[in-house]
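J.: This is the structure I have questions about; it appears just below.
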Amino acid sequence: QLADSEFSPVFRLLTIFAYGTYADYLAEAANLPPLTEAQKNKLRHLSVVTLAAKIKCIPYSVLLEQLQLKNVRQLEDLVIEAVYADVLRGSLDQRNQRLEVDYSIGRDIRREELSTITRTLQEWCQGCEVVLSGIEEQVSRANQHKEQQLALKQQIESEVANLKKTIKVTTAAAAAATSQDPEQHLTELREPAPGTNQRQASKKTSKAKGLRGSTKIWSKSN
């Protein structure tokens with residue numbers, strides 16, 4: 001209704017603040033209400049936001065032209081004001097003469113831009129579905145691998161248990177086959193084998209004779 005009324009210039013100025021830039025205002029300034037310095041700075045801030053949506057490193061030359069500022073000092077002061085107003089976040093690279101933008105607020109959306117936004121969101125959703133499908137496939141493979149490893153572990157444990165049983169049975173059978181009467185075993189340990197005492201006695205006699213002979217030899221030499 002404002003667009004078709006006597007207040008159409010005000011409506012046009014409102015749309016510039018919503019979607020446009022300071023350059024758009026200058027192009028139609030003759031047909032629009034005048035702006036105060038505060039309103040000009042506000043529109044300049046919004047113009048920087050529009051540029052930041054397209055370029056993350058904005059040269060000073062572009063900013064000076066778009067914002068119609070006289071020198072770099074005014075430009076840097078304006079950017080600092082925008083940062084303190086939380087309109088954007090970034091840093092001024094004075095050596096390379098550019099503004100590096102990390103974050104900026106969003107502007108209002110035109111009706112003709114809705115189709116582009118819808119298409120972008122649809123593409124994003126399709127990409128999310130592809131990623132989700134890939135994740136589900138990887139989870140399925142991981143679960144399958146886990147089940148295989150669990151079955152292999154159970155098989156190994158079963159084989160180890162069977163092997164232990166086999167060794168236990170074999171050992172028990174061998175022990176039963178080689179077992180004997182405990183009293184008979186002790187008697188064999190206590191009683192020496194036949195002929196053992198005779199050999200020991202003969203050894204002692206020979207040792208004694210040897211010692212006696214050596215005594216006689218020693219006495220004669222003396």
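Note: Cβ is positioned from N, Cα and C throughout, glycine not excepted.
Okay, so TrEMBL annotates it like this:
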- 146-173: coiled coil (COILED)
- 182-191: compositional bias 'Basic and acidic residues' (COMPBIAS)
- 201-210: compositional bias 'Basic residues' (COMPBIAS)
- 1-106: domain 'PCI' (DOMAIN)
- 175-222: region 'Disordered' (REGION)
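Give me the structural setting of these features: burial, nearby parts and distances.
T.: A mean pLDDT of 91 is what the model gives for the domain 'PCI' (1-106).
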J.: Is it possible to list how many residues within the domain 'PCI' (1-106) are helical, extended or coil according to DSSP?
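T.: Taking each residue of the domain 'PCI' (1-106) in turn, the totals are 58 helix, 16 strand, 32 coil.
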